[in-house]
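This report refers to the structure that appears directly beneath it.
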Amino acid sequence: MNKELLLGVNIDHIATIRQARGTRYPDPVQAAMDAEEAGADGITLHMREDLRHIQARDVRLIKQVLQTRMNLELAVTEAMLDFAEEISPEHSCLVPEKREELTTEGGLDILTHRNVVEKAVRRLQLMGSEVSLFIDPDKEQIRAAVDVGAPVIELHTGCYADATSEEKQHYELQRIKEAAEFAASLNLVVNAGHGLHYHNVKPIAAIRELNELNIGHAIIARALFCGLKEAVRHMRQLMQEARLYVND
C-alpha cells in the first residue's frame, strides 16, 4: 500500500495581495485556517528579509491558531534565525534568497556554504525544529545535506515546472526521481516543491519516495475563481489520484 503524500499549502501570496495595497486584508491567518479545514496537512510561510509578503505578525498569529503544523521558510541569516528562535516553528526550511528575485530561483548551495548552513541547522534543531534544506535535485548537494545533519530535504522542482518542451520536462522529472531515490536510500525524508500546479503535479506526486509537496502560487491563483477551500481540495485530489496508481 502506498503511503499518503502530504500537502503543505504555502499562503505567501495571500499576503502579496494584501501588501500590494497596504491594507489589512486579505488575512493570511484566515487563509491558513481555511486551508487546514480543506485538508492541508500543514501551512508553509516564507518570511523574506525584505518582508515583501509575509510579516512577522502573520507568523506569530498563525503559529497560535494552527491545528496542524507550520513550516517556516527562512534565509540563513542572523536576523531570520533570531526570529525563528522566538517563534520555535515545528518545521523550518532553509532557503536561498536574493532581494532582486521574483521568487526563489534555485536550491541552497550547501557545498559552497557548508559551515554557515551546518551552524544554522544545529541552531534550529536546538529550538526543537525539524530542519529541511531546499536544494536542487543533485546528489552532491544531497550528500552535503546529510553531512550537515539535516534530516529532511525539499527538492527544488522549478526546472521541471519551467521546462518548455516535453523532452526537457522528462529530463528534469528523471533528475527529481533519481534524487528522491538516492536521498531516501540515505534515510532522508524527501519533500518537493516550487512551480507545481494543477497540470504538472501528478508526475511528481507519483514519485513514491516523496513525503510532502509544498504548493502555493497555483493554489492561491485557482482560489480567485473557485475559493481557497475548493482549490486545496482539488490539489489534494490530484495528488491522491497520482499515488493511487503507483505500483508497490
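The chain as shown is numbered from 1 upward.
Heads up, the Cβ atoms here are built off N, Cα and C, so glycines get one too.
H46 (active site, proton acceptor) is surrounded by 24 other CB atoms, counting those within 10 A of its CB over all protein chains shown. A strand conformation is recorded for H46 (active site, proton acceptor) in the three-state DSSP classification. Here Swiss-Prot flags H46 (among others) as active site, proton acceptor.
Here Swiss-Prot flags E73 (among others) as active site, proton acceptor. Cβ neighbour count for E73 (active site, proton acceptor) (all protein chains, 10 Å cutoff from its Cβ): 26.
Within 10 Å of the Cβ of H194 (active site, proton donor) there are 26 other Cβ atoms, across all protein chains. Feature annotation from Swiss-Prot assigns active site, proton donor to H194; the stated evidence is sequence analysis.
R21 (3-amino-2-oxopropyl phosphate binding site): 8 other CB atoms within 10 A of its CB, across all protein chains. In the three-state DSSP scheme, R21 (3-amino-2-oxopropyl phosphate binding site) falls into the helix class. Summarising the annotation, Swiss-Prot assigns 3-amino-2-oxopropyl phosphate binding site to N10, R21, G195, G216, H217.
The Cβ of D12 (1-deoxy-D-xylulose 5-phosphate binding site) has T44, L45, H46, H53, I54, G216 as same-chain neighbours under 8 Å, each 6 or more residues away in sequence. The 1-deoxy-D-xylulose 5-phosphate binding site annotation in Swiss-Prot covers D12, H13, R48, H53, T103.
Look at Swiss-Prot and you will find E154 tagged as site 'Transition state stabilizer', backed by sequence analysis. Listed in sequence order, the residues of the same chain lying 6 or more apart from E154 (site 'Transition state stabilizer') and placing their CB within less than 8 Å of its CB are C93, S132, L133, F134, I135, N191, A192, G193, N214.
Among the recorded positions listed (H13, R48, E73, H194), H13 has its Cα nearest to the Cα of R21 (3-amino-2-oxopropyl phosphate binding site). Put simply, H13 is the one of the recorded positions H13, R48, E73 whose Cα lies nearest to the Cα of H217 (3-amino-2-oxopropyl phosphate binding site).
G195 (3-amino-2-oxopropyl phosphate binding site): 19 other CB atoms within 10 A of its CB, across all protein chains.
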